[in-house]
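Undergrad: Starting off with a structure, shown below.
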């Protein structure tokens, strides 16, 4: 750290353009939403401050607790899945030279399209007489109604989001791998380290900043999963895939209870923040 | 990031030990086999998309059966929609302008967060990151009211400017600039280079691969963005392609229209991706720096 | 309770930052903006139609400048809500009876009784009641939609059922015969986002109702409700519903009906009938009257032209709305869209055969209960009906639980 340039003014000047944009278009609307959560505001007419009423209602709302549980379970499935898949593919791509560009392009394809497209494609795949059940039937495991089993719907949705989203983290991790000087790995090879040892003691530590980024971003996106659920299950079966963000959408834009929807939003914000801080603690503050 | 703890002593100049060729070849085959399987999983749905887009409207097609005939009618209908050219230009403006400004402002901010010390730095960074966690649905109405009160409804600045506040971009740039060795900046300082010069001649060139990656992402995010362009644009003058194409959709789902528009709107994204491919391939210049 | 002069705390806070926004235009013409949705499925025809409407009206009313913006169905809710919240955007927009009560209750819409008053008797009664809140009309019905059962006649013939089911009892009776052939009789879409084209029509046909007449409680768990859900469960047990019935949507293309795996859908639109025709051959598609329980009821809603309270050109907007509701425009719109006129004094030229068949169901049209909490309650019932369909709850338990939740919501007043 001793080499770091100490220059508060230039530091601030470099941040300034982004800072102004943030204050206006992120922080202000967030504060307004926080303000809304203390009122019974809807889009027109009368409103009043209701203090903590919305928060009391939230605590007593069984829908909220069940959607919080659903969201956490989904995150616990999705985040490890997507991190492993994207790290795996990034390592694979980094290990090959011939046709690397082509493979990278193909693997990135799903990220280019919309969630609606992904949702529809995967509905075909999960259909009772769809592709996947055809395969399962061959090994005498199926058919399975993926969208109707409370225990299977979240893993099934997590797979869809992973398929759609892993290209993003894959590219980030690939860029991270590229930033690791080749000489380190060559030196380790010369010293007789095997592939796993090289990965464990060189690649992984040097990849930490990129990995931490991916972890945080994927956690946030898993808390905000919406389109896949909207297209595929509508929150079902019997609310088994009814997430916090789906609840916010429904309360705000279907039921027009904006104050209460904002309350859900604030709590979702707090939950993600806590989870991210825990992740930061685990990954290690110094390296992030 | 501190490299010191784990950084092995660089042994430049020593040649890698010769590998046993048979084992290397088997390993390479395994790698390519794995990659091919994964590629099939990602490519399959796209082939289905294109087949449906080329199938006659309403006729049975995949996944039920192979279509009897193929036609370009659906694609032609999309391309022939009255606003198509205008929407495409609008989408390009929205995406390209955003890419340029975000790459610039985010890399500047990322540089400051990674390598400068100033009061409130960490708090500010974490506030930036925290705003990502506030769901967009919850802030949509306040944001819209703000922008439309500023006179931004149905204007290009109203469409673009609010989306420039991009925490992911700042966070990403910071994570990668942190990996650049401090010695580089010290050396430049000793040479008496100005701050802007350091940014322009050291930070920008060394982060080219990640800037290219980020450029692809920002382009995609804006190109595929739906909710914000939908609410802020009122007419064809600022309507983007994603929103415009949904105007073509009826209430009932129609495969041909849906898949054709998905195919048509994916094309520019792929073009951008393959154009920037060159920069993604170049490995970061750090190997030369030691 | 305080009255906000601006659009609540948000607008007030942003106004401080923003200062005064856009200025007015200098022209002495009244500029009226209509947000229209693609009700005419052919893109080119849609454009031609609305361009003509605009031109004809402006020719007759030179002081009014009309803009018709086509908006997508996707994100309609967000788009209309943000416009009303910021008090900018449209003067007129088309909404359905499930949206109007809430917006009206929030004081963002202007009553439009005076536009309809001269020809009131000419409208379908249910079109008007569907758009009326607290005795005031908030939407000018410019078209009417309808649903009716569609059948794959061939599958019924192959199973030896000579007459396609026209009542709920016949539906149940025929189910095992089709099941024996590996066909589920009813393509019931159990995905819980709406019940209007799934559970509600059966409930209504059995004489049931979601809300009590006074709107203060929910009655979906009375005997009619339980019978309706039990019918579905009996069908399921008899192999009469598709395997994924609890989670499937009502898309025809790519769905089991088009693939010949299910035999009928009780609440289809005319466009869906055409889609089915494209898949299985139009000659095999039958279109019936709404299935009869104790009565016949079909889900069908009017498209209501609503006037925003924030509009600064209300007189001009009303004039334009009146023009759109006139018999000539209504007839032309019905012809092009395949929907129907909400007026009985309109003859639609050159209707397609499908449209004529569906028109027979118009007299049974019911838009659902116009209750400000109708959507919340529907979401609660939807989740429990789905739970029953996947076998987690029986009919009575499911509906009792839904009713208990809903009654608690209504009692809380929030």
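Just so it is clear, glycine is given a Cβ too, placed from its N, Cα and C backbone atoms.
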Undergrad: Of the ranges B:125-144, B:225-244, which one does TrEMBL list as transmembrane segment?
TA: B:125-144
Undergrad: Pick from B:3-28, B:29-54: which range does TrEMBL record as transmembrane segment?
TA: B:29-54
Undergrad: Would you mind telling me which of B:57-78, B:255-276 TrEMBL tags as transmembrane segment?
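TA: Feature transmembrane segment in TrEMBL: residues B:255-276.
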Undergrad: Check for me, if you would, whether the transmembrane segment (B:255-276) reaches the transmembrane segment (B:29-54) - at least 3 Cβ pairs under 8 Å, residues 6 or more apart in sequence.
TA: yes
Undergrad: Looking at the transmembrane segment (B:156-177) and the transmembrane segment (B:29-54), are there 3+ C-beta pairs under 8 A, with each pair at least 6 apart in sequence?
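TA: The transmembrane segment (B:29-54) and the transmembrane segment (B:156-177): touching, no.
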Undergrad: At a threshold of under 8 Å on Cβ distances, which of B:29-54, B:92-113, B:125-144 pairs most often with the transmembrane segment (B:198-223)?
TA: B:92-113
Undergrad: Report, as numbers and ranges, every residue of the chain located at least six residues beyond the transmembrane segment (B:29-54) whose Cβ falls under 8 Å of a Cβ in that stretch; write 'none' if there are none.
TA: 61-63, 66-67, 70-72, 74-75, 255-256, 259-260, 262-263
